[in-house]
Amino acid sequence: MTEHSAVPDTTALTPHDRRTLALSSLGGALEFYDFVIYVFYAQIIAEQFFPSSLSPFWALLNAYGIFAAGYFFRPLGGVVMAHFGDLFGRKKLFSLSILLMALPTLIIGLLPNFSQIGYFAPLLLLLMRIIQGIAIGGEIPAAWTFVSEHVPARRVGLANGLLTAGLSLGILLGALMSLLISKQFSEIQIQDWAWRIAFIVGGIFGLIAMYLRRYLKETPIFQAMQAKQSLAKSLPIAQVLQQHKTAVAIGMLLTWFLTACVVVIILAMPNLFMKFGIHRAEAFTMQSLAILMQMLGCILAGLAADRFGASKTLILGALCVIASSILFYLNLNHSEQSTLFILYMLLGLCSGSVGTVAYVLVKMFPAEIRFTGISFSYNLAYAIAGGLTLPIIQWLSLYSPIGAMYYIVPVCIIAILGMYGYQRRFENHPSHHRN
């Protein structure tokens, strides 16, 4: 079956395509929203869910440990959910994944604390994070697969650029929710109960998104495979590991690039700004604007991938990230804040080249095992890179205040090498799916 043969080859997104895009982006936004609010309120969670006999350091470490536990279950959850998605349909798993994300988020906002139920409090918190991790493992790969199999072939880049921009939107919404709560409630109210509002709102948002997804239709490509009885004949994960090792390796390298751009350039930046004497409020304002620039960059990268090809777009984008990051970091301690602002906005825009990563993942795996191939590559790399990026840049900062630059630049170079592999193996030979 040829790629997108079941999708009309037009250039315009129909109203149905736009609705599919909007509903598909909600899950990724919820994931990063939850990430931001958990980290933002980690100190309060540590105080609420662990015994007071623990020192603040160990309580906070336990809170972060429970948060990290969810990520350890991502690869397993992603493979299991993708397995059923490749065999029984994208839509069913797409609805299940957001339900399993939304309910735990809502429940965390309602959980009794340690003083009320003792050690059941941290145990229930851990259980909720594990369920979230399993769901998250399927959600983003499902969105990329689902949308790519709905939209016209010549709009797959734009569609995935918009979906990736949705991830950054979740970060922005989480930051804005935290800011709103801090302005509306006193510090005592926030520590007592108001912190729960962010989780309850996120959970309700997810449940509404799940309800709206009922109106999505199964992808034309999956329906065509069902009609032709061309679904995977053996375990999808076995096919991925046996026949698509090159695609998995390239997918993991590009996911590393995506993770580094989000974590280093967006999530870790306010703390770096404050180390250089920039006020907290100004640091978070600059971060919010950089998120908007990254979202714009994702959309532009998607358009460019459709027009010029993924390899040219991502290689140029990674080179721009290298150049703009060197300019930004070398001027951190030597420039006016207005100059830093311009350089940071430029870096945010260039980092939007990660909007091409999903396009590459979709193109490398054939439809019958696409969900599993994307899920395995993305989740395994994200679990490793997502867990190690912050500790690595923290370690590098011991030797240089701009240690993050010495992390992001090599990752960009690795992404460029990965794209040369993609160009030779897949872009120039689109019929070569087995490797």
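Our numbering is plain: 1 for the first residue shown, then up by one each step along the chain.
Every residue, even glycine, has its Cβ placed from backbone N, Cα and C.
TrEMBL annotations:
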type: DOMAIN; residues: 20-427; note: domain 'Major facilitator superfamily (MFS) profile'
type: TRANSMEM; residues: 21-44; note: transmembrane segment
type: TRANSMEM; residues: 56-73; note: transmembrane segment
type: TRANSMEM; residues: 93-111; note: transmembrane segment
type: TRANSMEM; residues: 117-137; note: transmembrane segment
type: TRANSMEM; residues: 158-181; note: transmembrane segment
type: TRANSMEM; residues: 193-212; note: transmembrane segment
type: TRANSMEM; residues: 247-269; note: transmembrane segment
type: TRANSMEM; residues: 289-306; note: transmembrane segment
type: TRANSMEM; residues: 313-330; note: transmembrane segment
type: TRANSMEM; residues: 342-362; note: transmembrane segment
type: TRANSMEM; residues: 374-398; note: transmembrane segment
type: TRANSMEM; residues: 404-422; note: transmembrane segment
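Between the transmembrane segment (117-137) and the transmembrane segment (56-73), the number of CB pairs under 8 angstroms, six or more residues apart, is three or more, so the stretches are in contact. Residues 38-39, 42-43, 45-47, 49-50, 122, 125-126, 129-130, 132-134, 136-137, 382-383, 386-387 of the same chain lie 6 or more positions beyond the ends of the transmembrane segment (56-73) yet place their CB under 8 Å from a CB of it. Using a cut-off of 8 Å between Cβ atoms, the transmembrane segment (342-362) and the transmembrane segment (193-212) share fewer than three residue pairs, counting only pairs 6 or more apart in sequence.
Most Cβ pairs under 8 Å to the transmembrane segment (193-212), among the stretches 21-44, 93-111, 247-269, 404-422, belong to 93-111.
With pairs at least 6 apart in sequence, the transmembrane segment (374-398) and the transmembrane segment (158-181) have fewer than 3 Cβ pairs within the 8 Å limit; the two do not touch. Put simply, of 93-111, 313-330, 374-398, the stretch with the most CB pairs closer than 8 A to the transmembrane segment (404-422) is 313-330. Put simply, of 93-111, 247-269, 374-398, the stretch with the most CB pairs closer than 8 A to the transmembrane segment (313-330) is 247-269.
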